[in-house]
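If you scroll down you'll find the structure; I have some questions about it.
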Amino acid sequence: MSNPGTRRNGSSIKIRLTVLCAKNLAKKDFFRLPDPFAKIVVDGSGQCHSTDTVKNTLDPKWNQHYDLYVGKTDSITISVWNHKKIHKKQGAGFLGCVRLLSNAISRLKDTGYQRLDLCKLNPSDTDAVRGQIVVSLQTRDRIGGGGSVVDCRGLLENEGTVYEDSGPGRPLSCLMEEPAPYTDGTGAAAGGGNCRFVESPSQDQRLLVQRLRNPEVRGPLQTPQNRPHGHQSPELPEGYEQRTTVQGQVYFLHTQTGVSTWHDPRIPRDLNSVNCDELGPLPPGWEVRSTVSGRIYFVDHNNRTTQFTDPRLHHIMNHQCQLKEPSQPLQLPSEGSVEDEELPAQRYERDLVQKLKVLRHELSLQQPQAGHCRIEVSREEIFEESYRQIMKMRPKDLKKRLMVKFRGEEGLDYGGVAREWLYLLCHEMLNPYYGLFQYSTDNIYTLQINPDSSINPDHLSYFHFVGRIMGLAVFHGHYINGGFTVPFYKQLLGKPIQLSDLESVDPELHKSLVWILENDITPVLDHTFCVEHNAFGRILQHELKPNGRNVPVTEENKKEYVRLYVNWRFMRGIEAQFLALQKGFNELIPQHLLKPFDQKELELIIGGLDKIDLNDWKSNTRLKHCVADSNIVRWFWQAVETFDEERRARLLQFVTGSTRVPLQGFKALQGSTGAAGPRLFTIHLIDANTDNLPKAHTCFNRIDIPPYESYEKLYEKLLTAVEETCGFAVE
């Protein structure tokens, strides 16, 4: 599907204009800031649109898009106005405009975000105008993708500076001078992206950290040994990695601190001042170029990359290394360095909340900008219908915005329906009755994979489905209503299982194995490297090592016996099942994004908090049309205090769609999908008949309560609503 757009009457093309934000608008009042909004007009066509008004700011953010039908000779005028003044007189409140002529439109479409300087409506106007507006023009087939590089200078009537964005996740205020993406002799970008060198007006020499942390931007690791241009470079200092962006720009990452830099750490900074003419010719396949500001960079046509470091300096370093050993190690980049070539990254923190924010940001960069992951199921057949629909989809489709609908119900999913779907689905797919999982022991109700699940011939496909559901929940910020064993989370992280992990799963076996390690077993035990287990009523034997039934356990080899026993206990008959589940999980959550977490943290990310802190709940509740001293509020909390843990969880599920609490607590409850921030639990006093039951709005975490006359009536109605009702509707 590569049609250029949707045409109307054969003479116009459909273009989606996105007005992202404006920067540094003129302040024309001494005591107050303007309320800016943008107006979009397709000149001569009658098409006119206005953005929302943003209050009291010189840097409004709109991020709104409009579909325009533009003819071959049409132009687009985008003007910014102060809503506080537009009613006073004609022309009042004008803050600047930009006009795109027809040739500018054809050249700017599908080139990413552009930052355009605002200008006066007429050159003779005396009012001061300043600032920029950030917009993009996309045809239908390119929405969500990047375009080719174009030279935008001279196309705009106001001749504003054009800034191109490298992708949807990169803010335009965080650009820096960087080596240009690799281009061949024709000037076409090798990476297929739309990022080229842009010189920031502030000359701020920093690159956005997210861009280098984005898994889509990281290129394969290139070592100097596999470069084909004939010269050998010294090894990188310990802790450094050489990486390449998708545009072919080489940078260096210090893995311990997370600091990135364009400067090659193998080259002392004083060598960069050497006269290029004194270094001799460039290696074969290399070319020297300069940025718009005159800074030199080097193009490697062999590897299709660009860099600031002169490749000839490696030859000097090799020669010096042959003459003498370095007297001191290379200096590591400092955490707070503000040198112009260093790319400061966020400090690595053990704080789980901070690491979770980084994970959420990385996942948001992978979410497609258009389309939905639509799932429609019935409550009666939720497991099988969800399985069939999820397994038909591609992983990239599952990353689109999640929209769930229960058949026969009219509820609109802005997050609440999806949370209830996951809650109900987990009760089915994790139920030991279905044979996929089992409890770790008879009296410990954490879940582990059932080694006898192969009784279902399609069990591997179902484990793949379970992995996808777990990944889907994490990707979209929801939680799985079920607890697995700690070793299960360690296996998901690729970490080895240890004897200490057995204590929480099988305390008796752990106690026995610890006794073996701590005591002399020679006169006591007569074991071999062969163990027995029960499978469908039959006693089967398993050799822990080849010919294990003939190898006795002694003081010398008992540590090996315990290690092999522990590994067998956790992986007995579940290797294929676990690999299928892990495959489904990693289709949505790449393995490298999980490296900063340990098993306890991963458990919280997947399952959230299962314990409800009543004080935290109370202190992070919003009241609407009532106050803390209102009878309804006091009676509500009195009722909650009388509930046991199970009923409190059911109440939370009734109002929010989930029994789980975010790891930050109730202050981080998520509301409607795509909301800018959390949405607190809300008690809303409504004017309604007191014979009605309380109503819940799961997308807004809100419960509507009529003005009941007594505590007893509120308790009865609330309990009935929580225990006896289900389903969604639209008011």
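For all residues, glycine too, the Cβ spot is worked out from N, Cα and C.
So Swiss-Prot lists the following for this protein:
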DOMAIN    1-120  domain 'C2'
MOD_RES   Ser200  phosphoserine
REGION    216-237  region 'Disordered'
DOMAIN    234-267  domain 'WW 1'
DOMAIN    280-313  domain 'WW 2'
CROSSLNK  Lys355  ubiquitin cross-link
CROSSLNK  Lys357  ubiquitin cross-link
DOMAIN    394-731  domain 'HECT'
ACT_SITE  Cys699  active site, glycyl thioester intermediate
Round to the nearest Å and give the CA-to-CA distance linking Cys699 (active site, glycyl thioester intermediate) with Lys355 (ubiquitin cross-link).
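So the alpha carbons of Cys699 (active site, glycyl thioester intermediate) and Lys355 (ubiquitin cross-link) sit roughly 26 Å from each other.
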Return the residue, from the listed recorded sites Lys355, Lys357, with the maximum count of other C-beta atoms within 10 angstroms of its C-beta.
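Max Cβ neighbours within 10 Å, all protein chains included: Lys355.
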Sort Lys357 (ubiquitin cross-link) into helix, strand or coil using the DSSP assignment.
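For Lys357 (ubiquitin cross-link) - judged by DSSP and reduced to three states - the answer is helix.
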Could you tell me the mean pLDDT the prediction assigns to the domain 'WW 1' (234-267)?
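Mean pLDDT for the domain 'WW 1' (234-267): 73.
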Please report the number of other Cβ atoms within 10 Å of the Cβ of the residue listed as 'active site, glycyl thioester intermediate'.
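24, counting other Cβ atoms within 10 Å of the residue listed as 'active site, glycyl thioester intermediate'.
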Take the domain 'C2' (1-120) and count its residues per DSSP category (helix H/G/I, strand E/B, coil), listing them in that order.
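Final tally across the stretch: 7 helix, 55 strand, 58 coil.
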